[in-house]
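Worksheet: the structure to be examined is printed underneath.
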Amino acid sequence: MIIKNLNQKIITIDNSSPYQKFIRIYRWNPNLNLNPWFSIFPISTNNCGPMILDALIQIKNIQDSSLTFRRSCREGICGSCSMNIDGTNSLACLRSLNTKSNFITIYPLPHTYIIKDLVPDLSNFYAQYKLIKPWLINKIGFSLKENLQSKIDRLELDGLYECILCACCSASCPSYWWNQDKYLGPAILLQAYRWIVDSRDNSTENRLNFLNNKMRLFRCHTIMNCSKTCPKSLNPGKAIASIKYRIINN
């Protein structure tokens, strides 16, 4: 099979090779007066790293330097390389090239404004993160001694503090797609719950009062796409349900 890219380069596709992959990438450049298009790049898994991010880096270094995407740690820690890979929001550094299909299709995170190619505009996402005041609030004031937690109190934070704000869950949530100007979304609400349950924080009531809103919190309809797609295997849906429970029973 022969495919011609936007730049008129001809790519011959050999589906018979188990080591040959073809990366189909969504492209858009605000400086070009063109509709979005797809570029297809051949990759040999014999001379490429094992992850999707390795393939993207090789494509940018060797085949098309104009390809634009975010990346940093390459270890699933920073959350920079979040994108939609074969229909699932994930981190490119954690998704293997070893798939059953020879074709891998990559989009930017869905329902986000696109800066270029695979780079979403997360300005609104981080502005919402700021709204929840993601830091310890101690009305009494801090002493010169450590602010200790018991082991039981510390365990309450497990499954919450590991969130890396990659936005995979929020970008998979239909409620967030439709209402991201008002609904905080699963990632931000999970982060909010992380501070609500922290025994060292003295502003739990204020945090719950802020979230007690039909749009900020209760726009969640428990679709649970968030928990299904989280690359860190966290459960934002459970965190949101816990916030609702605390508000209703407060």
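From the backbone N, Cα and C atoms, a Cβ is placed for every residue, glycine too.
Some features that Swiss-Prot has for this protein:
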| type | residues | note |
| --- | --- | --- |
| BINDING | Cys73, Cys78, Cys81, Cys93 | [2Fe-2S] cluster binding site |
| BINDING | Cys163, Cys166, Cys169, Cys230 | [4Fe-4S] cluster binding site |
| BINDING | Cys173, Cys220, Cys226 | [3Fe-4S] cluster binding site |
| BINDING | Trp178 | ubiquinone binding site |
| DOMAIN | 30-110 | domain '2Fe-2S ferredoxin-type' |
| DOMAIN | 153-183 | domain '4Fe-4S ferredoxin-type' |
Original post:
Within 8 Å of the centroid of the Cβ atoms of Cys163, Cys166, Cys169, Cys230, which other residues of that chain place their own Cβ, given that this set defines the recorded [4Fe-4S] cluster site?
Top reply: Gly79, Ile164, Leu165, Ala167, Cys168, Ser170, Pro186, Ala187, Leu190, Cys226, Thr229, Pro231, Lys232, Leu234, Pro236
Original post:
By the DSSP assignment reduced to helix, strand and coil, which category contains Cys226 ([3Fe-4S] cluster binding site)?
Top reply: helix
Original post:
Cα of Cys73 ([2Fe-2S] cluster binding site) to Cα of Cys166 ([4Fe-4S] cluster binding site): how many Å, rounded?
Top reply: 13
Original post:
What is the interatomic distance between the Cα atoms of Trp178 (ubiquinone binding site) and Cys93 ([2Fe-2S] cluster binding site), given in whole Å?
Top reply: 29
**OP:** Could you check the binding-site residues Cys73, Cys78, Cys81, Cys226 and say which one's CB has the most other CB atoms within 10 Å?
**Re:** Cys226
**OP:** Using Cys230 ([4Fe-4S] cluster binding site) as the reference point, find which of the binding-site residues Cys78, Cys81, Cys173, Cys220 has the shortest Cα-to-Cα distance to it.
**Re:** Cys173
Original post:
For Cys78 ([2Fe-2S] cluster binding site), which of these binding-site residues sit within 10 Å, Cα to Cα: Cys166, Cys169, Cys173?
Top reply: Cys166
**OP:** Pull out the binding-site residues from the set Cys81, Cys93, Cys220, Cys226 whose C-alpha sits within 10 Å of the C-alpha of Cys169 ([4Fe-4S] cluster binding site).
**Re:** Cys226
Original post:
Restricting the comparison to the binding-site residues Cys81, Cys93, Cys173, Cys220, Cys226, which residue's C-alpha is spatially nearest the C-alpha of Cys166 ([4Fe-4S] cluster binding site)?
Top reply: Cys81
**OP:** Take the Cβ of Cys220 ([3Fe-4S] cluster binding site) and count every other Cβ within 10 Å, whichever protein chain it belongs to.
**Re:** 23
**OP:** Compare the Cα of Cys173 ([3Fe-4S] cluster binding site) against each of the binding-site residues Cys81, Cys93, Cys163 and report the nearest.
**Re:** Cys163
Original post:
What binding-site residues among Cys163, Cys220, Cys226 are found with a C-alpha within 10 angstroms of that of Cys93 ([2Fe-2S] cluster binding site)?
Top reply: none
